[in-house]
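This report concerns only the one structure given below.
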Amino acid sequence: MSLNSYLFVPGDRPERFSKALATAAHQVVIDLEDAVAPEAKIQAREGLAKWLQAGLADIDKPRILIRVNAYGTPWHEDDVRMVRASPVTRVMVPKAEVPGELADIAVRCGEGVSLIALIESVTGVVQMRAIAHEKSVSRLAFGSCDYCVDANMEDTGRELDYVRSQFVIESRFAGLPAPIDGVTLSIDDAPLIDADVAAGRRFGFGAKLCIHPKQVEAVNRGFAPSDVDLAWAERVLSKLAENPQGAIAVDGKLVDKPIVDRAKRIIASFTH
């Protein structure tokens, strides 16, 4: 199964960790950065460390992801030390701008830890290709709210189309999974969440950051292959199996290699 939904939970609210894991979110992002006030960061880190050491179920370990504080902040070094001593194998790095910093973080987190680079500034977008090719980076994510502040832009329609395209292009060029789209700030506006998910999927994103459990179902549904998509992909691959060397047509349309590749991706996203 593809990882489509990334649900944030504040790092200073340990009573919510298990509740977040009880949702259908594919990844639970325990946030030590923006969700925690500066005066609460040390206590949040210590509380998270105790919770992780108390015996996290094996089935839940792959679903836990920690967003550490940004490189160069007063809390970053201790966050990374905590990650290294924990069973967590995925880290979200905010304010990702410098590939060398990401490489350094990966080394200090320890072997087997992969990074999601959260790009949320103009500098990060300019450096995106190098960031995507940093070997420790497993996926790119778009911090759209912070990016708008940094770029002095609004996100009311198509203002971010160019940047979103860059995420998809650079992820594909680097051989990474489809990137993670930014948050929808509205929690209760279901049509808006559905529309944002659909727009992200059309752009080529493969997942979305969620700020509330109410958003998870819509994100999972919106990024999953539809029954129509699956049926089409199965017809394509069935025709190909019947005639692997010759030209084939499905639904009256000629099928070439890019179409076959798309069908294979749809099937893979449903079965893995």
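Note that Cβ sites are derived from N, Cα and C of the backbone, with glycine treated the same way.
According to TrEMBL, the features are:
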- 5-213: domain 'HpcH/HpaI aldolase/citrate lyase' (DOMAIN)
- R67, E120: substrate binding site (BINDING)
- E120, D146: Mg(2+) binding site (BINDING)
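Shown here: features listed in TrEMBL, placed on the structure.
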{"residue": "R67", "record": "substrate binding site", "DSSP class": "strand"}
{"residue": "E120", "record": "substrate binding site", "DSSP class": "coil"}
{"residue": "D146", "record": "Mg(2+) binding site", "DSSP class": "helix"}
From the Cα of E120 (substrate binding site) across to the Cα of D146 (Mg(2+) binding site), what is the distance in angstrom? 5
Listed in sequence order, residues with CB under 8 A of R67 (substrate binding site) and six or more positions away: F8, G11, V29, I30, D31, L32, E33, V91, M92, V93, P94, L118
Count the other Cβ atoms sitting within 10 Å of the Cβ of D146 (Mg(2+) binding site), across every protein chain shown. 18
Going along the chain, which residues six or more apart from E120 (substrate binding site) have their CB under 8 A from its CB? P94, K95, A96, F142, G143, S144, C145, D146, Y147, D150
Give, as a single whole number between 0 and 100, the mean pLDDT over the domain 'HpcH/HpaI aldolase/citrate lyase' (5-213). 96
